[in-house]
Amino acid sequence: MPAQYPLHPHIVLLSNLTQFSPVLYLTGFPGLETVEHWIFIFFFLMYLVAISGNCFILIIIKTNPRLHTPMYYLLSFLAFTDLGLSVSTLPTTMGIFWFKSHGIYFGACQIQMFCIHSFSFMESSVLLVMSFDRFMAICYPLRYMVIITGQRVVRVGLIVILRGPVALIPIVLLLKAFPYCGSRVLSHSFCLHQEVIHLACTDTTFNNLYGLSLVVFTVMLDLVLIALSYGVILHTVARLASKEERLRAFQTCTSHLCAVLVFFVPMMGLSLIHRFGKHAPPAVHLLMANVYLFVPPMLNPIIYSIKTKEIRHVISKLLG
């Protein structure tokens with residue numbers, strides 16, 4: 001169940017007036033209304049870094065033929081999903097902190113939650129495909145160029161990446177068929193399926209089980225396969241003859257490993273908070289949800305700009 005927040009009289013009034021209308025009410029940070037202008041500046045800077053950074057990565061890869069390789073095609077997929085995740089939450093988050101606009105129509109809420117969950121699943125899938133790329137490059141270097149071709153990476157990548165969004169369609173569309181009653185206040189500045197489904201005053205067992213199965217067979221499965229890939233990679237690296245070879249081999253994985261940690265650690269923290277932190281302060285729930293959605297798109301372009309030699313070289317040429 002989402003954390004309960006003390007409702008402002010204006011919210012209660014809006015909830016009562018819209019009991020039979022398709023309007024939901026998003027919240028910012030309850031109790032911090034006096035510093036919302038500082039929160040707006042913080043979120044604005046995060047969006048600026050995330051959107052400009054990921055656009056920069058995409059432009060660099062597009063305009064440099066030397067980067068038209070399987071690894072950089074996958075990096076462009078990652079930048080695209082991060083860009084999509086940032087843009088998905090931008091309208092409502094900025095609307096709340098800038099224009100004090102809290103209402104959202106149910107149809108718009110459905111579109112936003114579909115985009116947020118789709119890009120989250122897509123990012124997990126991209127990280128899985130990237131881990132397979134690193135697995136092949138380190139464990140089977142002589143066969144890497146034969147097996148991992150640009151066309152094959154794009155084709156397989158699209159199939160793996162699109163499985164989540166396609167599987168999301170039924171449970172998002174089913175939300176329209178449920179009756180909703182009582183308060184229609186959500187506890188975040190964006191729409192999430194697990195919150196909206198709790199507002200329905202009918203049996204939602206199918207949606208709950210379908211959603212749980214979707215998470216298990218996409219994100220959780222991806223995490224297990226990524227962990228297995230790195231287990232084999234570490235075993236292979238440990239068998240290399242010299243320390244220099246081991247260090248050089250593992251350095252090719254550091255940027256991807258950082259991206260995996262940046263994405264999955266906040267996700268697991270958010271899951272633990274929802275599961276075991278029902279009595280935790282509302283600010284903790286809000287903080288973990290915002291970290292999960294906002295931090296990976298902001299940090300990934302910084303990580304790859306610092307850790308990837310080819311991108312550093314292009315940046316130095318542009319700055320020089």
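Numbering starts at 1 and runs along the chain as it is shown here.
Glycine too: its Cβ is placed from the backbone N, Cα and C atoms.
Model, not experiment: these values are computed from the prediction.
Feature annotation from TrEMBL assigns domain 'G-protein coupled receptors family 1 profile' to 53-304. Here TrEMBL flags 38-61, 73-99, 111-132, 153-175, 214-237, 257-277, 283-303 as transmembrane segment.
Contact between the transmembrane segment (153-175) and the transmembrane segment (283-303) is not supported: fewer than 3 Cβ pairs lie under 8 Å, counting only residues 6 or more apart in sequence. Here the transmembrane segment (73-99) does not touch the transmembrane segment (214-237). Their Cβ atoms form fewer than 3 pairs under 8 Å, with each pair 6 or more residues apart. Of the candidate ranges 38-61, 214-237, 283-303, 214-237 contributes the most Cβ pairs within a distance under 8 Å of the transmembrane segment (111-132). Listed by sequence, the residues of this chain that lie at least six past the ends of the transmembrane segment (283-303) yet keep a Cβ under 8 A from its Cβ atoms are 2-3, 29, 31, 43, 46-47, 49-50, 53-54, 56-57, 78-79, 82-83, 85-86, 89, 116, 120, 123, 187-188, 190, 192, 255, 258-259, 262-263, 266-267, 269-270, 273-274, 277. Across the domain 'G-protein coupled receptors family 1 profile' (53-304), the prediction's mean pLDDT works out to 88.
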